[in-house]
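If you check TrEMBL, you get these features:
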type	residues	note
BINDING	Arg52, Gly53, Ala54, Arg90, Gln192, Asn243, Lys244	substrate binding site
SITE	Cys153	site 'Transition state stabilizer'
ACT_SITE	Asp233	active site, proton donor
Amino acid sequence: MATPDNDGVRAVIWADDRLRLLDQRLLPAQTAWIEATTAAKVADAIRDMVVRGAPAIGIAAAYGAVLAARACGPDREALMRELDRLAAARPTAVNLGWAIARQRRLVEESVGDATPALLAEAVAIHEADLSANRRMGELGGALVETGDVLTHCNTGSLATGGYGTALGVIRSAYADGRIGRVYADETRPWLQGSRLTAWELIHDGIPVSLLCEGAAASLLASGRVSWVIVGADRIAANGDVANKIGTYSLAVLARHHDVRFMVVAPTSTIDMATPDGAAIPIEERPEEELLSFAGKAVAAAGASAWNPVFDVTPADLIDAIVTEVGVVEHPGLAGMHELMGQRA
Ligand SMILES: CSC[C@H]1O[C@H](OP(=O)(O)O)[C@H](O)[C@@H]1O
């Protein structure tokens with residue numbers, strides 16, 4: 001399986017002892033970076049979707065812990081409060097809580113200044129994510145025989161430590177000549193598909209066609225698509241998957257039209273403490289994100305909005321969960337336990 005050298009445009013950069021985040025709210029029109037100088041600013045950037053994507057927000061928060069340790073010095077209680085602030089920035093992606101839990105454990109175990117250990121851990125989490133994505137690209141890409149694919153939201157370098165999860169599989173499969181065209185649905189209301197996924201794929205020279213979510217049924221009925229390939233924000237112990245709103249409907253459509261459905265996520269996205277999808281907290285964001293667009297009202301005054309930004313796909317609608325330690329076909333509790341037992 002070929003894997004391109006290019007890891008994609010980075011969303012999170014720690015360099016010269018500074019944390020910079022690509023402001024994804026401005027893409028594709030502008031490529032602008034912000035410097036996050038405190039843990040509070042990192043938490044704000046996660047909550048406000050400056051940086052988004054399950055692995056990317058875990059990585060950003062891990063570096064945020066370093067900023068907190070620098071600011072809090074020997075005040076352990078203050079530092080723990082900052083870690084709590086980071087962990088609370090968004091509720092669904094388990095990578096955020098997982099990264100902060102690792103940093104919290106280091107603080108509890110450290111004697112004296114925890115900053116060096118926290119920075120080493122943040123770098124390790126970042127590098128492990130990129131390495132996992134390249135491995136998943138190989139494992140998932142090998143499942144794609146030929147044909148076009150449909151993907152949802154953005155799961156590329158912008159959502160991770162680089163290369164991407166579902167988009168990493170697509171990058172690898174395309175490099176190996178197994179994919180002709182990528183269909184990306186726009187993914188309202190944040191348009192991660194049209195603003196971010198299309199931008200990444202065009203940047204890589206991979207043919208991409210956008211569609212509105214409502215067109216997915218007709219696309220899958222056309223027989224052009226062999227796989228629907230998506231990411232995840234939290235995978236429960238029984239294999240149920242929380243991902244961007246609209247994923248569940250794609251899974252139902254895929255099953256109805258005999259199209260295979262692949263979820264790609266590092267094991268840092270698997271939460272064996274969450275028994276099933278019903279136990280996954282689903283983030284609801286402000287109504288305004290649906291009632292307005294680019295700062296202009298699109299709905300009649302007085303209309304309210306229901307804006308859950310994730311949904312849960314039952315494991316029995318998933319043909320394969322691809323992780324860096326292996327692939328679980330037709331996931332269930334036993335398969336997930338076996339997979340997690342393979343982690344080093
Ligand atoms: C690499 S998986 C990223 C995952 O996160 C996205 O959500 P958001 O853009 O709100 O952070 C979406 O669910 C993707 O599948």
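Glycine is treated like the rest: Cβ placed from N, Cα and C.
In this structure the alpha carbons, written CA, of Gln192 (substrate binding site) and Cys153 (site 'Transition state stabilizer') are 5 Å apart.
The substrate site is defined by Arg52, Gly53, Ala54, Arg90, Gln192, Asn243, Lys244, and by the 8 Å test on Cβ atoms against their centroid, the other residues of the chain that qualify are Ile57, Ala93, Cys153, Asn154, Ala159, Gly231, Asp233, Val309, Phe310. Secondary structure from DSSP puts Cys153 (site 'Transition state stabilizer') in coil. In terms of C-alpha distance, the listed recorded positions Arg52, Asp233, Lys244 place Lys244 closest to Cys153 (site 'Transition state stabilizer'). Annotation note: Asn243 (substrate binding site) sits in a strand segment as assigned by DSSP. Its Cβ taken as reference, Asn243 (substrate binding site) is surrounded by 29 other Cβ atoms within 10 Å in the chains shown. Taking Cβ-Cβ distances under 8 Å and a sequence separation of 6 or more, the neighbours of Arg52 (substrate binding site) in its chain are Gln24, Ile46, Asn154, Leu158, Ala159, Trp190, Gln192. Long-range Cβ contacts of Ala54 (substrate binding site) within its own chain (separation 6+, distance under 8 Å): Ala93, Val94, Asn95, Leu96, Ala159, Gly231, Ala232, Asp233, Arg234, Ala265, Thr269. Annotation note: Gln192 (substrate binding site) sits in a helical segment as assigned by DSSP. Long-range neighbours of Gly53 (substrate binding site) (same chain, six or more residues apart, CB within less than 8 Å of its CB): Ala11, Asn154, Thr155, Leu158, Ala159, Thr160, Gly231.
Secondary structure from DSSP puts Arg52 (substrate binding site) in coil.
For the recorded positions listed here (Arg90, Gln192, Asp233, Lys244), the lowest count of other CB atoms within 10 A around the CB belongs to Arg90. The secondary structure of the residue listed as 'active site, proton donor', as reduced to three states from DSSP, is coil rather than helix or strand.
When the Cα positions of Arg52, Gly53, Ala54, Arg90, Gln192, Asn243, Lys244 are compared pair by pair, the longest gap among these substrate-binding residues is 17 Å.
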